[in-house]
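Listed in TrEMBL:
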BINDING   A:Thr148, A:Lys170, A:Thr181, A:Glu261, A:Asn380, A:Ser385  substrate binding site
ACT_SITE  A:Thr181  active site, nucleophile
Number of protein chains: 2
Amino acid sequence: MSVTAAQGFTAAGIAAGIKDNGNPDLALVVNNGPRLAAAGVFTSNRVKAAPVQWSEQVLRGGAVSAVVLNSGGANACTGPKGFQDTHATAEKAAEALGGEHNAGEVAVASTGLIGVLLPMDKLLPGIDTAVAALSADGGEAAAVAIKTTDTVHKTASATQDGWTVGGMAKGAGMLAPGLATMLVVLTTDADLDSATLDRALRAATRTTFDRVDSDGCMSTNDTVLLLASGASGKTPAYESFAEAVRTVCDDLARQLIGDAEGASKDIRIEVVGAADEDDAVEVGRSIARNNLLKCAIHGEDPNWGRVLSAIGTTSAAFDPDRLNVAINGVWVCKNGSVGEDRDLVSMKDREVRITADLATGSASAVIWTNDLTADYVHENSAYSS
Amino acid sequence: MSVTAAQGFTAAGIAAGIKDNGNPDLALVVNNGPRLAAAGVFTSNRVKAAPVQWSEQVLRGGAVSAVVLNSGGANACTGPKGFQDTHATAEKAAEALGGEHNAGEVAVASTGLIGVLLPMDKLLPGIDTAVAALSADGGEAAAVAIKTTDTVHKTASATQDGWTVGGMAKGAGMLAPGLATMLVVLTTDADLDSATLDRALRAATRTTFDRVDSDGCMSTNDTVLLLASGASGKTPAYESFAEAVRTVCDDLARQLIGDAEGASKDIRIEVVGAADEDDAVEVGRSIARNNLLKCAIHGEDPNWGRVLSAIGTTSAAFDPDRLNVAINGVWVCKNGSVGEDRDLVSMKDREVRITADLATGSASAVIWTNDLTADYVHENSAYSS
């Protein structure tokens, strides 16, 4: 499991003292080759954290030998000093790792409060500690060290015909637009070039992390990296590899939703009968972001009127008098009006399934979100204080 | 105050039994002329309640002699039967009022749960009761009868040079896109035609009700009507009249925000330095809809990183490194980075002022919203059950 499931990678997770409470807060993932191929997807927020700006630059080179990740501070909106700190982090890691490593191939990812400079006097020495702790079993420790409000650490892997894709994630969120802060590192020992990794990663994130919309808020720090070591000596067919990447991303995305801040329900919104996939996604997101619906679902109330209100705010193709909505399989709304008895809907389980049928075409999409709870309010009203 | 502040209007508010708890739930406002000029603005939701569809049709005629409003049921997503019920309501009101009244000049507005047919066996007899209760002092009772989750009824008026604009509102919301359900009836005894009323009403709602965004959700029922009786015999200059309408709308809009469901803070978001007004409004709305920020403000936490994250999701013209943000007058973010000490910000008062400076141009806009609270979650998770 995790980032060390694939051959050719070592990792570590340690407590550098960035977090006041002494919990692990610094992770290091190292690609020991023979290849250093890499691809990355980042937040589409126009306000980008320093580590995102840095890592985007690193990825342009197509080679990543190591990733330094810290929790306890996002290093976002921190000005030129924040960028210098990220640069110094990469320099320090390259130096501590020695050998062929150079800062231009070290990606950096950060998560935590925006607008606060990182305590570099703790972070830089922490890198030495992390390098000393590197191990082929270090994936779990690394996954633990990137947690912020996560209640559990998140890892996944898939193995086929002698090659493996592994990964770790933190956050409860969405990439592009992006939510909370999501940091993901995926690794593989398949022998593939950066262009192939990029293609597989973009295809996978488009229908997994991109369709997780827990609270509609977009992070300044979202980062998903895929590194390939080539250590298995295997070069899988593109389709097999892409499917394995998608499987691991889907697994991690579901874990993110399942651990979303304060949530008591995981809500699967499937939009069907859409004219095209864009319409289906637009409608799904609009439903996912409707606070009134999210509260109703928290109260186990199949208030389908909120679903129709949300659909009505979109530009998707539909006729209001032909819309159908099912909640947990009961078609409570038919032809834009009252359908089956809402008392037939049971909402006791954590997973709630909403199907919105636009009755226009044959395209569909699935968006995952969570309910809105008093615990969410509590957690986020006390976050930075 | 209220809709009977202007001459030529009578109103009533009574309990017809639409609400199970016996509270007032039916209001009637009658224009006794000599003019029956009228204008209306409705929700931009593509899923429109039956009364909205009906009243849009009535307004096309440019004359409104009476408005029937009910709480206790939105009559939205109720199919052909729902539309027939609205039609029957207008017919019944015209018949009960007698004289020159005809159904084609009776507007109808409804608020309450979506997807439930109105109890017409109670509503129709209620119209007789309301007609019998009509009075030149009935404006307050009418304002009370349209309340749903409102804790107080909302009225306002402005008088100048022998003519008056009065009004009542219910809801906590926004028009176009629209939030919760907002019903507003404005009256005036100024002697003006429907085209002039329409121009003044659209100008007023654009910068008042349209800039109130309590929870980002758009209603199927939002309705704002302006009726003129001409009873004062005065024809004010357009600018004076438009300003009076704007003043009354602004007063009512502020009352809506002040009574928003579960809110503990009223948040005034002023976007300045924008390239144009559209950019300013887009940025203001994006900030207003950021759940993480709304929770932070509930916790009296000046978490300006959430403001920058929200700005970053827009398409407005700005440079991330030139953004400035003030909270209650303290510039906590300067040039996209850490500014004045956030501990200088006091957030004890109910009103919180956020200023976002895009540092690009000279356009500005003000959007009002509320914080996100556990009470909001509670109220909306228990709403329909």
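Each Cβ is built from the backbone N, Cα and C atoms, and glycine gets one as well.
Checking the binding-site residues A:Thr148, A:Lys170, A:Thr181, A:Glu261, A:Asn380 against chain B with a Cβ-Cβ cut-off under 8 Å leaves A:Asn380. Taking Cβ-Cβ distances under 8 Å and a sequence separation of 6 or more, the neighbours of A:Lys170 (substrate binding site) in its chain are A:Ser71, A:Thr111, A:Ala143, A:Ile146, A:Lys147, A:Thr148, A:Asp150, A:His153, A:Lys154, A:Thr181, A:Met182, A:Leu183, A:Val184. Secondary structure at A:Thr181 (substrate binding site), taken from DSSP and collapsed to helix, strand or coil, is coil. Taking all protein chains in view, 26 other C-beta atoms sit within 10 angstroms of the C-beta of A:Glu261 (substrate binding site). Neighbour count (other Cβ atoms within 10 Å of the Cβ, all protein chains): 27 for A:Asn380 (substrate binding site). The 10 Å shell around the Cβ of A:Thr148 (substrate binding site) contains 22 further Cβ atoms across the protein chains shown. A 10 Å cutoff on Cβ-Cβ distances gives A:Thr181 (substrate binding site) a total of 30 other Cβ atoms nearby, all chains included. A:Lys170 (substrate binding site) falls within a strand when secondary structure is assigned with DSSP.
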